Every structure is written in C-alpha cells, then in structure tokens.
Amino acid sequence: MRLILLGAPGAGKGTQANFIKEKFGIPQISTGDMLRAAVKAGTPLGVEAKTYMDEGKLVPDSLIIGLVKERLKEADCANGYLFDGFPRTIAQADAMKEAGVAIDYVLEIDVPFSEIIERMSGRRTHPASGRTYHVKFNPPKVEGKDDVTGEPLVQRDDDKEETVKKRLDVYEAQTKPLITYYGDWARRGAENGLKAPAYRKISGLGAVEEIRARVFDALK
C-alpha cells in the first residue's frame with residue numbers, strides 16, 4: 001500500500017493517517033522528519049540541505065526527492081508507505097513521477113473550508129497541560145476555563161480565524177491543483193513505465209469512525 005493523502009489543513013488527515021499506518025503496517029513519510037534526520041546524521045544530502053536551512057531558504061525539490069528515494073529503500077517501507085503533506089506542489093509531484101516513486105492510491109479527504117474554519121477557530125487550549133476544547137463540539141464546563149484547574153483557556157495563534165484562512169489560501173493556490181493533476185493522470189493511465197495511481201475522494205464530514213470506514217472502503 002503506497003499512497004498520498006491529500007486534503008486541506010484541518011481536514012483530519014493526521015487522524016486518518018494513524019489508522020492507515022496501523023492497518024497496513026506502513027510508515028508515514030514526513031519530509032520534515034527526513035530533513036532533520038539527514039542533517040543530524042550528516043549524510044551528503046543532509047549536509048547540502050543544511051546549507052539552505054541555515055540561510056533560511058527552502059530546500060530545493062531535487063534534494064527533497066533524493067531524500068525521499070533514500071528513505072523508501074529502508075526496511076520499514078517494504079509493505080508500502082504513506083505521504084501526508086508531500087507533494088505540496090505540481091513541481092514536487094512531477095519530480096516524484098520523474099524519479100519513479102510508485103504510488104498506488106491518491107486519497108483526498110474533502111471538507112468544506114467553512115467547516116474547517118469552524119473546527120479550527122473554535123479550538124481552545126489550556127497551555128500548561130495541553131488539554132484542548134472546542135467552543136461548540138467539546139466545550140469546557142465553564143466557558144473559557146479549564147475543567148481541571150479552572151485556569152483560563154487560550155486560542156493559539158495557529159487557530160485564529162485569519163491564520164486559518166491564510167493557510168487555506170496557500171492550500172488553494174499550491175496544493176489543490178494536485179487534485180486535478182492526479183485525477184487527470186489516473187484517467188490517462190501509465191506514463192514513462194510508471195503505473196498511474198488510483199484516485200479516490202471521500203467526505204471528511206461526520207464522526208471519526210465513519211470517516212475511517214470510508215477511508216478503508218476507498219482503499220480496497
């Protein structure tokens with residue numbers, strides 16, 4: 001099972017990624033984790049990546065793809081792998097295709113932006129413990145107060161509506177075009193000797209268990 005998980009920030013990809021990893025016994029491939037590990041290990045690609053990171057520059061896609069290919073050779077990828085958060089752009093998707101990275105499924109978890117804004121902007125956190133609440137879906141017993149300590153809850157900057165909207169704008173511009181990219185490739189079929197991935201789209205609305213059932217149905 002080799003798949004890419006697509007969906008906007010706040011669509012619930014992380015939760016479903018954990019279910020997929022557990023069911024199929026595959027690792028989640030995080031480019032951030034790979035970069036940090038390569039830099040720490042001092043591999044040639046890691047050393048090269050560090051020069052960009054130290055200057056505050058984006059690591060080039062060619063370097064990221066090199067790290068991905070190295071990572072996929074490791075033993076835990078024998079049964080497959082899960083990409084969440086990569087590729088983010090058409091250029092990265094093209095680079096993966098040119099590098100011959102095989103993908104069986106591209107799964108999109110679709111949630112309307114209005115729902116994502118409500119989900120994320122309604123979160124409230126107790127900073128000391130990390131306990132989280134939601135003003136609508138999981139409210140504290142006393143408004144604005146932690147259930148255990150009675151201390152004030154805060155809204156993290158990441159959860160503020162304007163921040164969420166900005167992240168969704170970036171997704172709309174950079175990552176949403178991948179939905180068309182992979183849908184078109186699935187219709188065209190194999191290219192350059194690389195099998196086209198099957199494209200699946202499910203609704204990310206409803207209970208976590210309902211969404212999990214949809215995910216597993218889509219991956220049959």
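Every residue gets a Cβ built from N, Cα and C, even glycine.
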Matching range for Swiss-Prot feature annotation, region 'NMP', among 30-59, 180-209: 30-59
Rounded distance in angstrom between the Cα atoms of Lys57 (AMP binding site) and Gly14 (ATP binding site): 26
Maximum Cα-Cα separation (Å), residues Gly10, Ala11, Gly12, Lys13, Gly14, Thr15, Arg123, Thr132, Tyr133, Gly206 listed as binding ATP: 20
Densest Cβ neighbourhood among Lys57, Arg88, Arg123 (binding-site residues), 10 Å radius: Arg123
